[in-house]
Amino acid sequence: MYVVSTKQMLNNAQRGGYAVPAFNIHNLETMQVVVETAANLHAPVIIAGTPGTFTHAGTENLLALVSAMAKQYHHPLTIHLDHHTKFDDIAQKVRSGVRSVMIDASHLPFAQNISRVKEVVDFCHRFDVSVEAELGQLGGQEDDVQVNEADALYTNPAQAREFAEATGIDSLAVAIGTAHGMYASAPVLDFSRLENIRQWVNLPLVLHGASGLSTKDIQQTIKVGICKINVATELKNAFSQALKNYLTEHPEATDPRDYLQSAKSAMRDVVSKVIADCGCEGRA
């Protein structure tokens, strides 16, 4: 088994009527949780990292871990650049072996978004690397980028078709009412807008900001055309809260091999639930 691109993975999901979850990881332990759970459930998953994660862990280190785990568990894996914005940064990581990229230029005007994305697509496709881009903006925070929810822009269905055709992307991230981070109250998703986008665009569609969404909402988005579900904050919250609880209850604990187990277990529960919500168990 080896590190693969997301293109075939998402095309299979689109044909099969399920979604592939993209789990944001940060270190060895969080990667172990995702890969072990996916392998046990025979589920396709995407291992995602923001620029901050790649800076923290190191691109070569992450690639080596993914490759080793794919072989160990006989499970195809994808490592994905999540919310990357700089061409040179993306190019360097692609040359190092990354096979899946999200170029996020959604903060730019429409024409500039197209231009920036097309530059990345033209480069990445030379290396058989799949490219995702976003049209519209989500509220909330990703790494150090903050978007006020009042300023978040929903995806225009007609523009989505023009955007997809002009850039040559392999998948499209849409803004339909989700946000990065956890929700203070239940979000109201614009399913009608999503249906219209699907009518205009035949590419696999991506939903960011899925942490905290109900099973009903996730499964409804999949029925309408979402093929990739991104989860980050919910994983961090489960991991960190379980770790805090353990250390509070066991102040004498000093061995990370012991005190990280409860954190991994809590995160594993979230990963298992998201895989079930996405309907991708047994699809790898």
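Using the three backbone atoms N, Cα and C, a Cβ is placed for every residue, glycine included.
According to Swiss-Prot, the active site, proton donor annotation covers ASP82, on the basis of sequence analysis. As annotated by Swiss-Prot, Zn(2+) binding site applies to HIS83, HIS180, HIS208. The feature dihydroxyacetone phosphate binding site is assigned by Swiss-Prot to GLY181, GLY209, ALA210, SER211, ASN230, VAL231, ALA232, THR233.
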Legend entry - In sequence order, the recorded positions (ASP82, HIS83, HIS208) whose C-alpha falls within 10 A of VAL231 (dihydroxyacetone phosphate binding site): HIS208
Inset, instruction - Quick one: of the recorded positions ASP82, HIS83, HIS208, which has its CA closest to the CA of ASN230 (dihydroxyacetone phosphate binding site)? - result: HIS208
Legend entry - HIS83 (Zn(2+) binding site) and ALA232 (dihydroxyacetone phosphate binding site), distance between Cα atoms, whole Å: 12
Inset, instruction - Report, as a single number, how many Cβ atoms besides its own are within 10 Å of the Cβ of VAL231 (dihydroxyacetone phosphate binding site). - result: 26
Legend entry - Alpha-carbon distance [GLY209 (dihydroxyacetone phosphate binding site); HIS83 (Zn(2+) binding site)] in Å: 12
Inset, instruction - Whole-number Å only: compute the distance from the Cα of ALA210 (dihydroxyacetone phosphate binding site) to the Cα of ASP82 (active site, proton donor). - result: 14
Legend entry - Integer Cα-Cα distance in angstrom, GLY209 (dihydroxyacetone phosphate binding site) to ASP82 (active site, proton donor): 12
Legend entry - Integer Å distance between the CA atoms belonging to ASP82 (active site, proton donor) and SER211 (dihydroxyacetone phosphate binding site): 15
Inset, instruction - Give the distance between the Cα atoms of THR233 (dihydroxyacetone phosphate binding site) and HIS208 (Zn(2+) binding site), rounded to the nearest whole Å. - result: 11
Legend entry - Among SER211, ASN230, THR233, the one of these binding-site residues whose Cβ has the fewest neighbouring Cβ atoms within 10 Å: THR233
